Amino acid sequence: MQGIIIKGIAGFYYVKVEEEIYECKARGKFRLGELSPIVGDKVDITVINGKGVIEKIHPRTNKLIRPPVSNVTQAFIVFSIVNPEFSSDLLNKFLILCEFNNIKVKVCINKIDLVNEELLTPIKNLLNNTGYELKFLNAKSKIGINELKESLKDNITVVCGPSGVGKSTLMNSIAGSNVMKTGDISEKLKRGKNTTRHSELIEVAGGFIVDTPGFSSLDLNFIDRYELKDLFPEFYEYNGSCKYSTCVHDKEPGCEVKKAVEEGNINIERYNFYVDTLNKLSVRRNYK
C-alpha cells in the first residue's frame with residue numbers, strides 16, 4: 001500500500017492510506033543508511049495484524065530541514081506591515097528559499113486592521129511583475145482565511161515568516177479544531193508527553209498543512225552565485241536576451257535586466273537586494 005507519513009514520534013511513523021492511518025516502523029535498512037523517513041514522505045508499507053512496516057520511500061521533490069518535512073508544494077509567507085515592522089529583505093530571503101525548493105508562494109500580509117491603503121503600496125510595488133500572489137488578512141477576525149483554505153487542496157502547505165506576525169493565529173484559523181497540542185497527541189497515542197515529537201501534517205480542506213512554522217534558518221550561503229538569478233522570477237523573461245550569455249545582471253554591459261530596472265519593469269528594491277546577495281555570495285565563495 002502507498003501512503004503519506006503525517007506524523008513521526010520516537011521511531012513510530014503514522015502513515016495515512018486513503019481513509020486509514022497505520023502506525024509503522026521503518027525497515028532497518030533505512031536506519032542503517034542515510035535515508036530516514038520524515039513527515040511528508042510518500043511511502044510503501046506492508047501491514048500485518050494492524051501494524052505497518054515502511055518498505056520504500058519514494059523520491060522527494062524537496063526536503064526542508066527546519067522543520068524536517070518533505071514534498072512541500074506551497075508556502076504561506078506571513079508578514080505584517082506594522083507590529084512587527086515589515087522587512088523587504090527578510091521577505092526576499094523567504095522567497096529565494098521557496099524558489100530554490102520549488103515551492104509555490106502566497107505572500108500573506110496579516111493584521112491589515114492596523115494599516116491604511118497607503119501603507120500597503122510599497123509591498124504591492126515590491127512584488128510587481130514577480131508573479132507572487134499577495135493576500136491581505138486579519139487572522140484574528142478570519143478575514144481572507146476562506147480563500148487561503150481553498151488553496152490547500154492537493155497541497156502540502158507550510159506557514160513561514162518572522163516572529164510576531166501571527167503565524168500561529170493564522171494556522172489555528174485555518175485548521176481550527178484539527179490542530180492538536182503535544183499533550184493531546186501523547187494521550188491519544190499513549191506515549192509520554194516528553195517524547196520527541198517532530199512536525200505533523202494536519203489534514204484540512206483536501207490538503208495538508210504543516211503544524212510547525214517553516215524555514216527557521218534563512219542562511220543563503222548554500223546557493224551558487226551563478227544560480228541566484230534563476231531564483232528571481234521577474235528575471236525569467238530576459239533569459240538569453242543579455243549581450244553576454246554568462247551575464248549575472250550586475251556590472252555587465254548590455255544587460256537587459258538592468259535595462260528593465262531602469263525602465264521601471266523590475267522593482268529596484270528587489271534588484272538591489274539581488275545585487276547585494278550576489279556580492280555576499282561572491283565574497284563567501286571566493287569568486288572574486
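Glycine too: its Cβ is placed from the backbone N, Cα and C atoms.
Per Swiss-Prot, domain 'CP-type G' is recorded for 61-218. If you look up Swiss-Prot, you'll see ASN110, LYS111, ILE112, ASP113, GLY161, PRO162, SER163, GLY164, VAL165, GLY166, LYS167, SER168, THR169 marked as GTP binding site, on the strength of sequence analysis. Per Swiss-Prot, Zn(2+) binding site is recorded for CYS242, CYS247, HIS249, CYS255.
Shown are the binding-site residues ILE112, VAL165, CYS242, CYS255; the one with the most C-beta atoms within 10 angstroms of its own C-beta is VAL165. Counting other Cβ atoms within 10 Å of each Cβ, the lowest count among the binding-site residues ASN110, SER163, THR169 belongs to SER163.
THR169 (GTP binding site) is 45 Å away from CYS242 (Zn(2+) binding site) when you measure Cα to Cα. A C-beta separation below 8 Å, combined with a sequence spacing of at least six in one chain, links CYS247 (Zn(2+) binding site) to GLY254, CYS255, VAL257.
Taken together, the residues of the domain 'CP-type G' (61-218) have an average pLDDT of 87.
Here HIS249 (Zn(2+) binding site) comes close to LYS229, PHE235, CYS242, CYS255, VAL257, LYS258, TYR271, TYR274, VAL275: these same-chain residues lie at least six apart in sequence, with C-beta atoms under 8 angstroms from its C-beta. Taken residue by residue with DSSP, ASN110 (GTP binding site) is part of a strand. Residue pairs drawn from ASN110, LYS111, ILE112, ASP113, GLY161, PRO162, SER163, GLY164, VAL165, GLY166, LYS167, SER168, THR169, the listed GTP binders, are separated by up to 19 Å at the Cα level. Surrounding the centroid of the Cβ atoms of CYS242, CYS247, HIS249, CYS255, where the record places Zn(2+), the chain contributes additional residues within 8 Å, namely TYR238, LYS243, TYR244, VAL248, ASP250, GLU252, GLY254, GLU256, VAL257, LYS258. By a simple count of nearby Cβ atoms, those within 10 Å, the most crowded of the binding-site residues GLY161, LYS167 is GLY161.
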